[in-house]
Structures are given as C-alpha cells and as structure tokens.
Amino acid sequence: MVVRYSLLMKVSFAILIFLVGCNENATSSNDQYLTDPDISEQTKKPSRPIIDEKNKGVTDTSVTIEWDKIECEKNFSHYNVIVYRKDRIEDVITIRTRNNSVFIDDLKPNSQYSIDVSSCLHSACSESAKIEFITLNEIDYYHTTEIEKNVYGSLEGEVRFVQTHVISPEGRKNEPEIITGRDALILFKPSIKNSSSILMKIYSEDGLTSKVVMKSPSMLPKTDQPIDIDENNKVVSYSNSYWSAEIPWNKMKSGMSLHFEDENGNLGIIESERIKFSAPSELIIQNIDLGMLYKPRGRNIVIKELERTAVDYFQKVPVSKLIFSDYTPIHFEKITLPNGSVYTEKSADIGGWHQGDMREAVGKALVSTGINNANLGIVASSGYSQQYNRLTNHITAHTNIGYYNNGVVVHGGSGGGGIVTLENTLHNEWSHELGHNYGLGHYVAGGTSHGPDTSWGWDGYYKRFIANFDWKRSPQSNIRPDNQEVVKPFMDKYTYLWDAMSGGYDHQNGIISRYTLHHPYVARIIQDWLKNGAVVINNDYMVWDELKNIYVYKGTNFKVPIKKGVPVVTILGVYDPDKINPSQLYPPTYSNYGNIFDLEKPRSESSLKGWQYVKDVNYLDRVNTHWHTMLVNRKEEKICRFSYLSPKGKKFEFLGYEDIENKICTGSRSIHYLEDGKKNPIESKYNDYFLLSIDGDGEISYVPDSTIGESKICSLKMSGTVYGAGFIKGNSCRQIDGVFMNGFQWAFTLNQSGVNSTYTWSNECVLKIKDKDNNIESISIPNYRIEKNQSNKIHLNISREKPIIDINVYCGEHELTSIKVSDNPDIKLLKGPIIVGQEHGYTSYEPKLPSGWFKHYDNFEPKNEINHELGKMRVNDNDEYICRFNFSDSDREMKFVGYVSQLSESKYICTGGSEIYYKKNDINIELSSKENDFEWLSVRDKNLIGSKIEFDNNKTLCVLDNRSFYGAGYLDENNRCTQDRQIHWSNGKQWLFSTYKTMTYH
C-alpha cells in the first residue's frame, strides 16, 4: 500500500529479494518478549531495521535502499517507509510493504531526501531507521531513447545484451552479435514504468535453468567516468530506466530464451529465435621483447602487466576466451640474414620506425612468423617469408630495438598477417595494429567515429560501462576524412571517440581502459574474422558451424598438436642447405604456453644411402629407405642398375626398373639391345642388381662403360608408353648405342618436356637437440632452399621437460651451425599464460594482497603472480617497488617513501638509494628502514578504481617518471611533488619537483 501526499511524485517499490511470507510458527531469537506469554500484546515491538548502505543506489531521479529483513518474527505485519524531500516537507511518500527493499522513481535531481523505515507487528511498529541521500545532478545518456520493442506479452519492452558493447539480441550488421560462452549483462526496459520488481528467468532448450532478481534502474552499474570531474561537467550515467541482471558464460548459448515477470504477475518473453548467437571465438596473443645488436628495452607493458592488459583487452575484442602469453626476451648479439649478410656490431641498413632490414628479417619474419609457425608444427620456411599460415587465431606481438648504420632505432607501428610490431603496447598503437590482423584497413567505411547512435562498451571485470566519448578532451566535432559526416559532441561537452583504425586516442580514457573502444561496426568485422579461426578440441581442429551452433571437424593438412598450451622451448635460426650462405642458431626463447607436435624424424636414421646391392637389402631397409623412382606406364617404379653382357660379349651398365615380383632389374619388353639385327631382352639375373636410395651426398652418377666414363643419370617422366633411364651426354639423355625402344635408339634431348635431368642425393638436413641427460632428439628439416635466392629459417617448439644443452644443424655429413645452451634466468620471470573468459573468468587478475599500504610480513615475497599488484617507480631505468617507513632523527618522526632493495633471500629494506638523503645540521643521513620493517604498496582495489593513492594523512602520492631523477612523495599546496623539507637530492637541493605523475587504484 502506498499513500501519496504529493501528486507530483510517482512511487514504485521494489522487491530485490522475493519473499513468500513468514512462517507464523517461527520465533525471533533476538526478541525475547515475543515468546513471553505474560507480556501484553500491546507492549510488543519488533526489531528496528538495519539499513544496508552498500546496497543503496541513487541516480538523478530514483533511489533503491535495502535493509535486513525480519527473520519471520511472530505476528510480523509489514514495513513502513516514509520518504520526504528536505526542502519540500509536504512532498511525503508513505509506502507499506512486506519486502525488505524499496525502489522509488521520479525524484527531483540534485535534491536532498530522507527515508525512515520501521518494522511493524500487527499491534506496534519499531523505532525508525533513517537514511539521507542527495539525488545526483547527472546526465542520462539514453534517457530520450525510444524503446525498440523485442520483448512481448503483458510486460512488453526492450532487452539489450551487454558484452564488449551494448547490443540488440537479433544480430545487426552494424554491431557485434552475442558471443556464445561469454558473460553478459542483461538490460531490460519495460514499455510502461509501473514495475516495482522484476524477476528474470533463463530458459534453455532443456527448460528453466535459473532465476535472477533484476536490479532496479537506480542500481545500474556505473561508468568509467573519471572521479575528478571538471566543475563544468556533470556525472554521466548510461541510463536511468534499465533493469539489469547478469548471466554467466555457461548459460550464454543458442536456444536460450528470457522471461521477465513483475510483482503483479505480468510476463514478457523474448524467444530463442530472436536471440542470435555468434561463435565462442578464442584468441591467442604471444608477446616478446627483442633487441637486435642492442639490449632489449624492457619496456613492454603488456609483458610487465600481463594480467591487467589481458583483462583490459578482453573487454575490447569479441571473443569467448583470450590467452595472453609471454616469451623470454631475446638479445641478438650476432645476426645472420637470409641473404648471407652477417652483423656483429650494427646493420649496414638505415633503420626507422617503419624500416630496417633487421626489422623485417628478424623481428617480423624470424620471430613473429616463426613463433606462429612453431605453434602449427611448421619447422621451417623461406628466410624472408612472413606468410601467415592462419588456422587458429594465433598472433605474435613484439617490441623491437636495433642498432643500424644511423644509430639505435626503436621499431613500431605495424601489424597484419599474424605479426604485430610495436613501440608502445598500450593505447591505440596496440588496438590499431592488432586491428590490421583482423583484416581491417585504415579508415574503415571512410572513417568511423562514435556518435549518439553507436553503443557504449562494457567492462565485465569492473562492472562498469565504457563511454563512447572522450572524458577529458575539449569538445569538438568529428569530421570524417571524406567530409561526408560530422559528429557533434555529446551535450556540447564531450567529443565522441574515433575508432582505433581511424585515429583512436593515445591516452587512457576514463578510469579503467588503456585500449581503444572499437566502433560497433568495426567490432562486427573483427568478430567475423575471429569466428573463422579453428580451435583444438579432442585432438582435432574444429570450426564453428553457424547453422548448427556447434563446433564441427575441419579438414586440414596442418599437424594437430600432441600437447596444447604447455611450457615450450622455441628454437629459431637461419640455415642454408646449399652451404653457400652462413647459418646461425640463436639462443632459444621460452614460453609457458605453446603447442608440441610429433615432428618428422630424419630418414637417415634408418635409411640406406646410395646404390644398394639388392641381396643386402632386408625388409626393414626397404620400408625405411626412400628410393629413387621413374615413371613406367603411369606407375612409379624403383630405379635399378645391373651389369649387362650381350650374347656376343658387349658389357655395359644398364639402368632399368625393378620387377619386384620376379626379383629382376629390367627394361621390359619395350626396351631391347640390338646386336647383329637381333633384339635381345635386357634384364638382370635373379636378385642380382642395385637399387638407388634418395639419401646420400652430391650428384648421382654411374659408369655406363669404360669408354664413356662416369656420367650423371637422367630419366623420363612421360605419361605414355615411353619410359626408361640413362646417362647424360651432350644435350641428350641416352642409353648405350644399341639400346632401342619401339624401334628407335633410346635417346631424348634434355630440353624437352618429361626429361628429368637433375638427380642429386637428398643430402638430408637434420636439427639435433641434446638434453642434459645426453639424449638426442633429431628432427627433419627441408634439405633444399624453399626460395632459391635465400636461406631457410628454423622455427619449432620442443618440450621444456628436460633442459637442453646443445643444438646442431646438419645437412648430410656437414655441420652448418651449432649453439650451446645455458640456463636462462628469465624463465622464472614468465607470467603467462593469462587466460580470460569461459571457465577461467577473471581469476588470474583477482587481488591477492590487501589494498593500499600494508606491513611487510614473514615469508612475503614479491613473486610473479602478485607483482602486478604492487606499486612501482622508475629508479635508474629499473622498475622498483614503492615502500614506506617511519624515519626518526631523535627530534622528530616522519613518513618516508622510497623503494625496496633486496639484501638477500627474504630480506628487504626500504631505502632512498644513493641519491636521496635526510639533511640535518649539514650532515647527510642515509634513508633506510630496518630489515623487513616497512610497508609495501598494493595498487589493486576494485572499489577504489580511479581513486588517487594517498601518501599519508589525505596527502596524494606522487611519483617521478624520468631518467634524471627518481623518488616518490606527496603533493603540497602548490601541486608540487615533495617530501619532508629536510629530504634532499644528491645535488644538495630539496627534493621538490613540478613534473610528476599521481597513482590511482586499478
């Protein structure tokens, strides 16, 4: 029951937790007189409600409050709720309800209200609990948007799905489709605003799966708007009219329908046919830092903050699962290019952001393409090739620096074909260059700017909307390059964002995201590209069938990994099977996420070589050896050789084919030796001939007779009845004079089609890997140049189960290159893989440390899995952990912020280092804590996201970020970064700076 004392106000009360009423037989353990029969009914009073501040939601026009419900007190009747506006006492709302929450709509913005709540028995009410609030002075982004009805029934309205973007359920061409297997926020707006509570029921093809009480519009999640709002701007909310609820990833699949019911029994339904699901795509991004003839920069933020960046980028790309993995950095101290050039000091080329021979051959071709190929079981490719053998959605991003003829050059700014070359792994450079990998060009559709008709984004980890405009940039219109469209700023206050492929933005927009929010039209193109990628399921490659909404088998020539997503050693190098260019193996790089394959073993381990006398060839030799063949009547037959003696004593070596059934070497009936006009068949004695193995060294030859001498062999590859093999003489492939076929001397010019004049031994190439137990694994690699004008490159994964100590490359008996492998300490610093989505959720990013400053405790170590939670500052080109301790000089005590220095295992101090000291009476005093007696700083806190971190006593923490100075302090009244006035830099001046950065929680 609601009694209104103002006609200007409309009220609806919400049931956030559906109650079916109390059990009248129950009693309250907190109210002893309720069970005392001697106390008069008139004196009984129920418990006073306790209002839950955490579950309070306030917008500009509505409020939701919740309180502890009465646990079935005997004779419980209802709650009385009285709402009034402080500056207009006559506007009073009285609500009578049995539910322990209330939703009140149509309030006045920027006004102060008070709410009294009391619990009542049939005879008396408790004392009132009071809460006051001020409605917000905010802008609702979608407050004027008309309903696009897609929910039908007595509770009709509009439903929208929120994943990377706020989208319609039916699947439109200009926005992403719903992602199968990914969490979603559901927004529901009834056509008529008279509901006080809404229950959402989730149905699958098997029936009802779950029920969720929707949150009222005043409890809609917040946005990514910065906390320090400009005084000229208002708080912006996404909407003040949507009810919301979350659906977990495992219920998000085809066949789902949603039912919405209000407290009056009204029902609205969106059927499964109106909900279009797309593929549960997966994306793998490998990350590596490179230095070519120069030490790697060590500034790859994705690698340094793998957990945070993975979660952040997951919000921008329409996938069901995202995997970020890191490789150990590579310092190329010597470089061999596929053209044979060798660099030990600097490249002979001119380097630039977009140019340089090492940039192309090493960073892109060898490393990024190499890692991609290694994870598909491809062991080698041509040296300069950047071919993207795309099967799965696997991309390798690298940061790269090189020493060139014009000096040290940082590369960046390119992407595509499974490769990303970056200087900055944050902001638009990352989003833009990854976009090229998804098939996107510059200025998609002539240039895509967000606008009033494009959707907002969503961060599923922080549960906040991501605005499609710039929070801090001065308002201006966006004009497409073709001048065909002008997008004016929102409310003349906020400039709309450009898509990543149309300029994007190179700063953090809002309190959450460091990557660009894609325009929904562009996001759909990305989604269409991603859904074509295969995944490995049950030892097969599978692709998504959009008609069946299931994964189906994909036929492919690529190897299927025998182990997926395991720790690997990736071996990279350059080799020349022709032994013309120099070859080189590079120090291996390591990752915790890669694929292992059953790679081809060398034939030479079990294969015979050269000419083999048939009596010495056993069954296994025949099976394991690859034999040279020729075409006989459209069938490949083994080439053989034997000594022929004519009836009149002519002796020569004859090349024929093996008749395996009769165990002879023959030329068949079509080939004969003509002597004195008589045709003599040419065939060996039983089991008395030689077979020719592919394996060996050099060109293949034989001696037809003593007068001709050693000659190279040749054969015919013709489809008709002409066949045979012989020797090369002049410009012909021939046999001994007198050998005829079909009435003609067996002789053919070399330049005609079907004559094979190049026979060489295979000169098999092998990569040999020795582990610490001296076990050797041999892997076959191509024994020929894949491209004639360049060396090949090697790229393959092996297991990390046993450390390796030696790697060698052989072609035939020749060792082309080798490398001794030592322990790599960077393996311990690997953080990956970070897997986001599906059953993994955001577990890899959940905080493990307390928020803010915390005391060092026994056995605490800043390990890989938590170091992203700790605050850091740059000290002499290194990132050091921020710390704080109490410093005393006998006269006074103060807080000092420095950095952590490790003395030995499990022993740390907080220090100012060699450049910062405390000055007293012209004496410089070292700033250093006692051993393990200081505080660390944790910068992770979901609830404080975007809030500035305090130094102490409400002073804002500030940190220097330049090469010349270091340190941390607090902001003084003049907005300078300082510490105590007696803290000085080594130049004798007070530690006081006007250039700094503040730190916020994330």
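The backbone N, Cα and C atoms fix where each Cβ goes, glycine too.
Going through His442, His450 against Swiss-Prot, the one listed in the Zn(2+) site together with His432, His436 turns out to be His442. Long-range C-beta contacts of His442 (Zn(2+) binding site), restricted to its own chain and to partners at least six residues apart, with a cutoff below 8 Å, comprise Met501, Ser502.
As a summary of secondary structure, the domain 'Fibronectin type-III' (45-139) carries 3 helix, 51 strand, 41 coil according to DSSP. By neighbour count, meaning other C-beta atoms within 10 Å, the densest spot among the binding-site residues His432, His436 is His432.
Across all of the domain 'Peptidase M66' (282-536), the predicted model scores a mean pLDDT of 96. Close to the recorded Zn(2+) site, the chain also has Gly415, Glu433, Gly435, Leu440, Gly441, Ala500, Met501: residues not among His432, His436, His442 whose Cβ is within 8 Å of the site's Cβ mean position.
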